[in-house]
Amino acid sequence: FTGLKYLFRAMVAFAMRRYSSKETTQISNVLLCNVTDRVSFWFVVADSSKNVTTIPRKNVEAAIRMNRNRINSAFLLNDDTLQFLKISSTLSPPIEPSLPIWLIVFGSVLCLILGGIVFLIVSGIRQRQKKNQASAEAENLEDKHETIVTTENGIPCDTLDFKAGHINGVYAAADDERFTPL
Amino acid sequence: MEQSRPLWDNPLQFVFACISYAVGLGNVWRFPYLCQMYGGGGFLVPYFIMLIVEGMPLLYLELAVGQRMRQGSIGAWRTISPYLSGVGIASVVVSFFLSMYYNVINAWAFWYLFHSFQDPLPWANCPMNRNYTGYMEECEKASSTQYFWYRETLNISPSIEEHGSIQWEQAVCLILAWLVVYLCILRGTESTGKVVYVTASLPYLVLLIYLIRGLTLHGAVNGLVYMFTPKLEQLANPKAWINAATQIFFSLGLGFGSLIAFASYNEPNNNCERHAMIVSLINSATSIFASIVTFSIYGFKATFNYEDCVSKVILLLTNTFDLEEGFLTADNLEAMKNYLTSTYPNEYTELLPQIKNCSLEAELDTAVQGTGLAFIVYSEAIKNMEVSQLYSVLYFFMLLLLGIGSMLGNTTAILTPLTDSKFISTHLPKEAISGIVCFVNCIVGLIFTMEAGNYWFDIFNDYAATLSLLLIVLVETISVCYVYGLRRFEKDLHVMTGHKPSWYWKIMWAFASPVLIVSLFVFYLTDYILTGTLKYQAWDATQGQLVTKDYPSYALAVIGLLVAASTMCIPLAALIIFIMKRLRRESISTVA
């Protein structure tokens, strides 16, 4: 723990030197008092030029604020775990990307879906054109082949063919209102 | 030349379509809530009884009707009896209402999915306020996940009266959701049949991943134990039975006409009895599976919050009394609290209001259902997992699959009667009809993207389908049994499946299910009447929590309209057909 106390005093001295750009602050000027088990303490920075005075609080505060990040990193801690009471930590500004990321994902999915829709519609139209052509050709062949679907009382035969001819679906469907009752 | 009806490529597509439709968001966010409220493991007893008594028979009935009549809901009921075409129309109206508001959930799922590709997740931390001095006040009072849902997603207004403007981000997501649905139903069964392979099976894969992840989370066991300890005294509570019946009923999606539409594309000799049992069993099994996952996630979240609370208390005490680091631990906290009370009584009493009593029970007790569970509770749990982006993407992708699977069923229920009608299908191609339906729904759905949109969503969610469906299914069951005739139906089933339905089905159709539905109906009506004015939960941004408010009169009028629009179709259509037949008979008699 004494090693860490020394490191802390060194960091505060460094901060004071950077802040005031004077090379006067020594490690011996930083005094720790009221050290508790909780690893909390009070500290003051004495002024070496004038005896028995301390550097005003505002200056010390400003110095620590300026170098907060370095002090935190020296102890491998962060703003939550190394607290300076009454020095509120400024929150880092949020990183605003130029284009919100969600728009990028949204754009890609949208393009995919639109592409799929266009593809399906176009292939559907082309299929229908081909079928129209095929049926136009088939009409020319109708005199030669009978391509009419056989129907029985208005129902196409293939739907009535249950169980390969064992059951005649016409009789089962006979209860329908479409047919005259037997 | 008669154009044959499009069919499913194989029976598996039909089963997958039904599963994809029935297994929806309700299995994930409603069943775990009910399980928790009504006795944990004990709730499974009324649930399974209702499944056998109500779920399977009614599902079999609808599938058989669709397969026999080979038409959408309007055509099928008109074939049974022209006076019953109102039932089909009511089904289409209810499906229309449902598809209007249901796709908004998919829009929200898309929003969250797109936002899951950031590090850290946007709902993990509170955003900062304007001058960067602290966090947003609303976010401090609520939690970051709640803030993200209510403010950044919905931008919700304090009450339903204040409409606000359309949120363009939500509108754009809604348009995308409708484009996806259009893509899937564009070609009819041809495209739907392929899509349901994905929407039916992938959610199970994600649920499996979540099951393994969930069970290995720290504290998951707490949630599971809490949920599954049966509180058998709840079995005596009639609400448990009623909620079990309601859950089975709505979870299977009966009465919307989707099942009739799906079955109408079947081969005539498809074994719909077996399929009905398979689909209903898989639906219930999925509910239980999803609730295991949900409760392990609950347990993790509750344990995490509890330990967080405890460590905050430890920090507070350690700082106040300048104790050594590690002096207070979670285990000796209670003993040390007593010690501190005795040694420093004054300071301790000063500190007392700040010390929260952390309780794991209290954390677990927060039972949530609906969008709150899916978008707030789950995202809170996800943000604390490692590799949270991956789990977030998987989870919202699963929600999307479930939601789109159900939307396919709903839109098929609307489209099948439209494409069946000769008048419309000769004038417009299939793609145009689907396009128009999607477009109209999308435009109306923009209401739900306004600032007050979530309140309107709740109105539709609670009232658009509940009463009407009960009435529709009741009329369906009675008309098949008594108007069409149970014997005729039996013979049809014999022709289709190859064997007569057993006595069990017949008793359920003729007596048990109608009685059950009537009692549910009566219960709902008395519940509405007894509660007096209807209330809703509004988000208060200043307090950071939900408050209860009364609906204004125009909202009540809309609720009344919603219910009336579908239920009145049944008697109105019967009346109109009756009048038309009368007029025709009179004109024939005058001619003769």
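The backbone N, Cα and C atoms fix where each Cβ goes, and this holds for glycine too.
Unlike curated entries, TrEMBL annotations are predicted automatically.
Away from its own ends, the transmembrane segment (B:12-31) comes close to residues 63, 105, 189, 192-193, 196-197, 199-201, 203, 247, 250-253, 258-259, 262-263, 265-266, 270, 275, 278-280, 282-283, 286-288, 290-291, 294, 369-371, 373-374, 399, 402-403, 405-406, 408-409 of its chain (Cβ-Cβ under 8 Å, at least six residues beyond either end). Per TrEMBL, transmembrane segment is recorded for B:12-31 (among others).
A 10 Å cutoff on Cβ-Cβ distances gives B:ALA22 (Na(+) binding site) a total of 27 other Cβ atoms nearby, all chains included. Look at B:ALA22 (Na(+) binding site): DSSP puts it in a helix. The Na(+) binding site annotation in TrEMBL covers B:ALA22, B:VAL23, B:ASN27, B:SER251, B:ASN283, B:LEU402, B:SER406.
Among the features that TrEMBL reports, transmembrane segment is placed at B:43-61 (among others). Outside the transmembrane segment (B:43-61), and at least 6 residues removed from its termini, the chain residues within Cβ reach (under 8 Å) are 34-35, 234-235, 240-241, 244-245, 247-249, 252, 254, 259, 272-273, 276-277, 279-281, 283-284, 288, 473, 476-477, 480, 505, 508-509, 512-513, 516-517.
For B:82-102 (among others), the entry in TrEMBL reads transmembrane segment.
Under the heading transmembrane segment, TrEMBL lists B:166-185 (among others). Listed as Cβ neighbours of the transmembrane segment (B:166-185) (distance under 8 Å, sequence separation of 6 or more from its ends, same chain) are residues 103-104, 106-108, 110-111, 114, 153-155, 191-192, 195, 404, 407-408, 411-412, 415, 434-435, 438-439, 441-442, 445-446, 448-451, 453.
Annotation comment: TrEMBL describes B:197-221 (among others) as transmembrane segment. Tertiary proximity for the transmembrane segment (B:197-221) is limited to same-chain residues at least six positions away from its ends with a CB under 8 Å from its CB atoms, namely 13, 16-17, 19-20, 23, 286, 289-290, 292-293, 295-297, 299-300, 302-304, 385, 391, 394-395, 397-398, 401-402, 404-405, 408.
Annotation source TrEMBL lists transmembrane segment at B:241-265 (among others).
Annotated transmembrane segment per TrEMBL: B:277-298 (among others), in sequence order.
The transmembrane segment annotation in TrEMBL covers B:393-415 (among others).
The transmembrane segment annotation in TrEMBL covers B:436-457 (among others).
The transmembrane segment feature in TrEMBL is assigned to B:463-486 (among others).
The feature transmembrane segment is assigned by TrEMBL to B:507-526 (among others). Panel annotation: around the transmembrane segment (B:507-526), residues 50, 53-54, 56-58, 61, 242, 245-246, 249, 466-467, 470-471, 473-474, 477-478, 480-481, 486 of the same chain, lying at least six beyond its termini, place a Cβ under 8 Å from a Cβ of the stretch.
Sequence-remote contacts of a segment are chain residues at least 6 beyond its ends whose Cβ falls under 8 Å from one of its Cβ atoms, and for the transmembrane segment (B:554-579) they are 82-87, 89-90, 93-94, 97, 160, 455, 459-460, 463-464, 467-468, 471-472, 475, 533-534. Sequence annotations record features per position, and here TrEMBL assigns transmembrane segment to B:554-579 (among others).
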Contacting positions for the transmembrane segment (B:436-457) when only residues 6+ beyond its ends and CB under 8 Å are counted: 96, 99-101, 103-104, 107, 154-157, 159-167, 170-171, 174-175, 178-179, 181-182, 185, 371, 411, 414-415, 418, 428, 536, 538, 555
Residue numbers, six or more beyond the limits of the transmembrane segment (B:277-298), whose CB comes under 8 Å of its CB atoms: 15, 18-19, 22-23, 27-28, 31-32, 35-36, 44, 47-48, 51, 55-56, 59-60, 204, 207, 210-211, 214-215, 217, 220-221, 223-224, 226-228, 248, 251-252, 364, 373, 377-378, 381
Spatial neighbours of B:ASN27 (Na(+) binding site) that are distant in sequence (at least 6 apart) but have CB under 8 A: B:SER251, B:ASN283, B:THR286, B:SER287, B:ALA290, B:LEU402
Close approaches to the transmembrane segment (B:241-265) from elsewhere in its chain (Cβ under 8 angstroms; 6 or more beyond its ends): 5-8, 14, 17-18, 21-22, 24, 26-27, 30-31, 34, 37-38, 43, 46-47, 49-51, 54-55, 58-59, 62-67, 69-73, 76, 88, 91-92, 94-95, 98, 189, 272, 279-280, 283-284, 287, 406, 409-410, 412-413, 415-417, 465-466, 468-470, 472-473, 476, 516-517, 520, 523
The transmembrane segment (B:393-415) and the transmembrane segment (B:463-486) contact flag, 3+ Cβ pairs under 8 angstroms: no
Listed in sequence order, residues not in B:ALA22, B:VAL23, B:ASN27, B:SER251, B:ASN283, B:LEU402, B:SER406 with Cβ within 8 Å of the centre of the Na(+) site Cβ atoms: B:ILE19, B:TYR21, B:GLY24, B:LEU25, B:GLY26, B:LEU252, B:GLY253, B:THR286, B:SER287, B:GLY405
